[in-house]
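Q: Pasting a structure here, questions to come.
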Amino acid sequence: MKPELKIFKIGGGIIDHEPDLLEFLRLFSEISRPKILVHGGGKGASEMMSRLGIAPRMVSGRRITDAATLELVTMYYAGKTNKQIVAALQSYGVNALGVSGADGNVIRAVKRSVREVDYGFVGDLSEASVDGGLIHQFLTLGLTPVFCAITHDGQGQLLNTNADTIAASVAKSLSQQYSVALHFCFEKNGVLADFNDEQSVISKITPESYDELKARKIISDGMLPKLENAFEALHFGVKKVIVEHALHINGELKTTLCLT
Ligand SMILES: Nc1ncnc2c1ncn2[C@@H]1O[C@H](COP(=O)(O)OP(=O)(O)O)[C@@H](O)[C@H]1O
Ligand SMILES: CC(=O)N[C@@H](CCC(=O)OP(=O)(O)O)C(=O)O
């Protein structure tokens, strides 16, 4: 039997609200090892950009990342956010190791090619992008890796990669060795049938019901790439994918994704 591995992803809605972030990290610290945390921070990055007079631009849930934006998101994701999370986890007794994709060459990406949209310095991931063997070694050493949304191309260029994509790719890369449960945690109770009703959590979504929910516009915005990443992870052997509230991890209300 494969050992269990839990991977949690948190996004900007939680990271930006310090009490919620600290409470999530406390709950995360109580989860047994091996475990991994992946964080985004898109909301705070957009706010910081606006304060500095750079207009944030998103297309299909991905940030258009010019040179000035890359500089800022590198400081914000790989610097401030990653290190604050690592320091908080250390204070809760978790031996966290903060990494970008460049550290140990753990995630190598390819700059997104220009088609209808030029995304700039945005990195896409492929099957070979994540070094699951190195992550396994970190876990064996008793470390808890904390990934940010910055990757590299191996030629010296840093790239901005969607954090949901990083979480799904890290999960896929470890699914041969571990029985992986991937938890997408955010500020709602799960995927909601009625956006204004936190009790209306859809308990199970299959690829068929996903298509229907999408057509009826019940699922939109950032939830679309999140669920597409989730189904892709299941297709590649990840055991379980859950969408849930960051402050009620493993609670009653949650959305479980299934292939059938
Ligand atoms: N049916 C739905 N249920 C819950 N959230 C939804 C739904 N449809 C769209 N969303 C949106 O998806 C967002 C989550 O995706 P995203 O903004 O990428 O979050 P994160 O930064 O946590 O990854 C929610 O904040 C919400 O605005
Ligand atoms: C290319 C791209 O879109 N990168 C994302 C990375 C951060 C992220 O994914 O943050 P959340 O998880 O909080 O949304 C961005 O800059 O917004």
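Going from the start of the chain as shown, residues are counted 1 onward.
Glycine too: its Cβ is placed from the backbone N, Cα and C atoms.
Look at TrEMBL and you will find 6-243 tagged as domain 'Aspartate/glutamate/uridylate kinase'. Feature annotation from TrEMBL assigns site 'Transition state stabilizer' to Lys9, Lys226. Here TrEMBL flags Gly41, Gly42, Arg63, Asn160 as substrate binding site.
How about a rundown of where these features are and what they're close to?
A: The average pLDDT computed for the domain 'Aspartate/glutamate/uridylate kinase' (6-243) is 96.
Classification of Lys9 (site 'Transition state stabilizer') by DSSP places it within a strand. Sequence-distant neighbours of Lys9 (site 'Transition state stabilizer') (same chain, six or more apart, CB under 8 Å from its CB) are Leu37, Val38, His39, Gly40, Ala163, Asp164, Ile166, Ala167, Leu182, His183, Phe184, Cys185, listed in sequence order.
Long-range Cβ contacts of Gly42 (substrate binding site) within its own chain (separation 6+, distance under 8 Å): Gly11, Gly12, Arg63, Ala149, Ala163.
In this structure, Lys226 (site 'Transition state stabilizer') is part of a helix by DSSP.
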Q: Taking the recorded positions Lys9, Gly41, Gly42, Arg63, Asn160, Lys226, which residues show a Cβ-atom distance to ligand 2 below 6 Å?
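A: With ligand 2 as the reference and 6 Å as the Cβ limit, the list reads Gly41, Gly42, Arg63, Asn160.
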Q: Could you state the CA-to-CA distance between Gly41 (substrate binding site) and Lys226 (site 'Transition state stabilizer') to the nearest Å?
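A: Each residue's Cα considered, Gly41 (substrate binding site) and Lys226 (site 'Transition state stabilizer') end up 15 Å apart.
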Q: Sequence gap of 6 or more, C-beta under 8 Å: which same-chain residues meet both conditions with respect to Asn160 (substrate binding site)?
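A: Counting only residues 6 or more apart in sequence, the Cβ neighbours of Asn160 (substrate binding site) under 8 Å are Arg63, Thr65, Thr69, Leu70, Val73, Thr74, Tyr77, Phe121, Val122, Gly123, Ala149, Ile150, Thr151.
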